[in-house]
Structures are given as C-alpha cells and as structure tokens.
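Trainee: Provided herewith is a single structure, encoded as structure tokens, for subsequent inquiry.
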Number of protein chains: 2
Amino acid sequence: MGFSRYNSSHSTAPSAPELPLESYVHQQHQPPPPPPPPQQQNQYQSYYGHPPPEPAPPRPSSSYVQSGGFPAGTRSDVVRAFQMVDKDGSGFIDEHELQQALSSGYQRFNLRTIRLLMFLFKNPYDSHRIGPVEFAALWSCLGYWRAIFERFDKDRSGRIDLMELRDALYSLGYAVPPPVFQLLISKYENGSGKAELDFDSFVECGMIVKGLTDKFKEKDKRYTGSATFSYDSFLCMVIPFLVSYD
Amino acid sequence: MGFSRYNSSHSTAPSAPELPLESYVHQQHQPPPPPPPPQQQNQYQSYYGHPPPEPAPPRPSSSYVQSGGFPAGTRSDVVRAFQMVDKDGSGFIDEHELQQALSSGYQRFNLRTIRLLMFLFKNPYDSHRIGPVEFAALWSCLGYWRAIFERFDKDRSGRIDLMELRDALYSLGYAVPPPVFQLLISKYENGSGKAELDFDSFVECGMIVKGLTDKFKEKDKRYTGSATFSYDSFLCMVIPFLVSYD
C-alpha cells in the first residue's frame, strides 16, 4: 500500500490509528506506517525508493496450513463463515456465497462491491471462486478497512463525508491526487456536490484505488511515479476492472 | 480508429464491407480502410507511422451549424429523435433521454451501454448531458457499427458468435490481441466457453475497446505501440470508465 502520498493543505492530516486495530488485524495484514508529518512532504511527493512495506500475500504451505486449507491461526469465526456457505465442501466459494459469508462478520455488500473484492483477492488461477487462503486475507483486510472507516465516522452514523473519505484513504496509504479524487467521487455526489459514503461504498471506492495502484506498481517497480505500458498490456490491465465491475 | 492490427491465422479475414454503408454513414464518420491482406502483416503489427484516418470529431461552427444546433446535413429523423426527448428544449439530453432517443432508430440499449456511450461521446465540458453535435456523431457511429454487425450476423438472428465478434471488431479497425479478447468476452461466456452477443453487447464490448484505445493513443501520438503514464494520469484515465460503467 502507500504508493503515493501528498501533503494536502487541510489541517486534519490523519495520525496513527486510535482504535484498537489489533482486534481486526491479527493475521497477514499489517497497518501501514503512519504518514510522515506533512511538513516533511511536498505535494504529490511519493515514497520513491522507500516504498512502505507491503504485506506479502498469504500462500498455502505445509508449514502453516491448518485443517480446511486455512492459514494456521485463522480465527474460528472466519473459518466458520467460509464453511457455512461452502455447502458442497469444495473448498471454494463463488460471488454469491462470498456475499453471504461476509454478511456474518460485516454486512451484506452490494454485488458490485463483491465482484470487485473477488477480482482483487482471487487466486490468479481461478477467476470465479476464492478459497480459504484468499478468504482469510480478504476478511482480515476488510477488518482493517472497517477500523479506519469507524475512526473517521466520528458520530457513528455509519457514513463518512468526502473530506473524511479522503483522509480515510490517506490513512490506508493512498494519497489520491485531487483530480483523481474528483473523478472517483463523482458517482456518489448528489446535485449539490455533497455526498456521504457508507462502508460498502467506502470499500468499493478504496478497492478501486488499491487495485489500480497495485497494477500500476507492478509496472513501476522502482517507484519512479511513472510506468510504460504496451497497448496490449494496458488493455489487459484495465479490462478486468470493467468486467468484474459489471 | 484502427490503432493496432494483427494477422490472425483464421481464414475468414474480413474484406471490405459488402453492405451499402452509405445508407448508414453519411456524415462525419468514414468507414476505416479495409485491412491489408494478411500476408503483408506480422502478428500484432501496427499501423506505426501510417495510422488510418480518424474522423475528426464534429465541432459546431457558424459555417455548418443548422437550426437546432445540428451540423448541416443532419438527417431529419435524427433531429426529430433528439428533439422528441428534449422536452424542455434545453438542447441537451441526459442518459435516460438518450436511451429513449436511440430507441427510435436502433433499439432500447441497456442503461450500462448508454452510460458508456454517453461517456465516450459527451462534450468534455458537460459530463452528464449531450447536445445535438455529439448526438449526431453518436447516431452516425452507431449506424456504421450496426452495418458491420449485420454483415457478420449472416443468419439474421440478431446475434453473433465470438469468432464473428473478433472479425467484426477487426472490421471496425480494432485488432484485439488474443489475451485481451479472452478477457473481454469472459463476461459473455456461458460455462462451456461459448457465447453469442446481441447488438447491445456488441456495442458495449466494442466501445470499451474503442474508448481505451483512443485514450491510449492520446499518450502514443507517434504510434509506437507503447505509452508512458504518470500515476495520476493513469488513474485519471481509467477511473472514468469505471464510474461511467456503473
């Protein structure tokens, strides 16, 4: 995470999370390092050469796979949520089953959000289903995002406004440049240019940024802030987002 | 159009359109030149240095704007289709009105396809509405695409299969490389890997390719086949597709 950051002029720059994140993040995902103080950054300054640590994607190996294909240490409610919907015991669940499984710990996400999550967390060799390892990673990531969301939803209304969204994305390690942010929120705005996002929309919005940033980073391994694509690789990178976003 | 072409090994390489395209294409859009014979091309060979002519987007000017803001020579049924849905006479129509207006000449497109069309043809200064100039260009473009579609829909079933889709896109000037094509059609395939597309899906599919290719070309003005993006410009380019594709 944390590919690019910028120092916005607003005075509510986020600091280290205040909520007990440990209750959400206990597995593979570590919280990103707190952003450096604004005065040390220029606008659009990136972590060139100093990319923040990216949690390694969990991979099954005999040393840490427990019964059922879950990484050792996976919480029992996560295992239960998966197994409850995997009725045929195949070890894989589809998008509708994922929607149902996440309902038990989070909420019933919009199917569009589910497809985006599925696309971003799926095993690269199976595009339509996810297994225990991916499910555990997704559950853990959502827990972290939920903690960030709740931190900015100060009145516990279940919704955050656009300024809070920007700060929340920043806390997740994504400094979304203003023009990009404007595009991103255009779908949530009402006529007066205001909007509030619930957790579902927050996840959708943030996962678009995360997904595209991750893809970009694959082509910008040295963190120069720019990347070169062939026509084919550009199309191959972008089209899955459109297809999964159906 | 016709940014990149490749010589596929199939034997049904399209030749010049057989249908009387003049009845569809009568305004700004010219049919792309017929693809060169396969034996003159390498796989993925592009028109580097010899980009096919791209029809200039119509722009209103006092010399050719007729009453109602339409380019001179616009067919009366096109003007009528627009004015019928522009009930407040503002000279602009929104996505629902566009859906209704196109119904009179083509069909009732899926709202998702309508949003994609709106995004690709809209005036850059008004993201939620289109005016007469853009409407006339869209109508004309759809006429050309319809002619191509019908040429490949040999049995007049209203549907084309995946091989025909590939050839039809090729006729439109888009040689979609096999891996990209696989991604693109994944949403239309049934379990057995087969699919048929109606005109609505054909337009959706083709407009995704056209839109992304046009965006890529903006960054590859010399037709080298590769383009460099900053992180910001990459996000700004891709996110509107996701938002419009809602």
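Backbone N, Cα and C define each Cβ position, glycine as well.
Taken from TrEMBL, the feature compositional bias 'Polar residues' applies to B:1-14. What TrEMBL records for B:30-39, B:50-60 is compositional bias 'Pro residues'. Sequence annotations record features per position, and here TrEMBL assigns domain 'EF-hand' to B:73-108, B:140-175. The feature region 'Disordered' is assigned by TrEMBL to B:1-70.
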Trainee: Let me know the model's mean pLDDT on the domain 'EF-hand' (B:140-175).
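Mentor: Averaged over the domain 'EF-hand' (B:140-175), the predicted model reaches a pLDDT of 93.
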Trainee: How many helix, strand and coil residues does the domain 'EF-hand' (B:140-175) contain under DSSP?
Mentor: 23 helix, 3 strand, 10 coil
Trainee: Treating G and I as helix alongside H, and B as strand alongside E, what does DSSP give for the domain 'EF-hand' (B:73-108) in helix, strand and coil?
Mentor: 19 helix, 1 strand, 16 coil
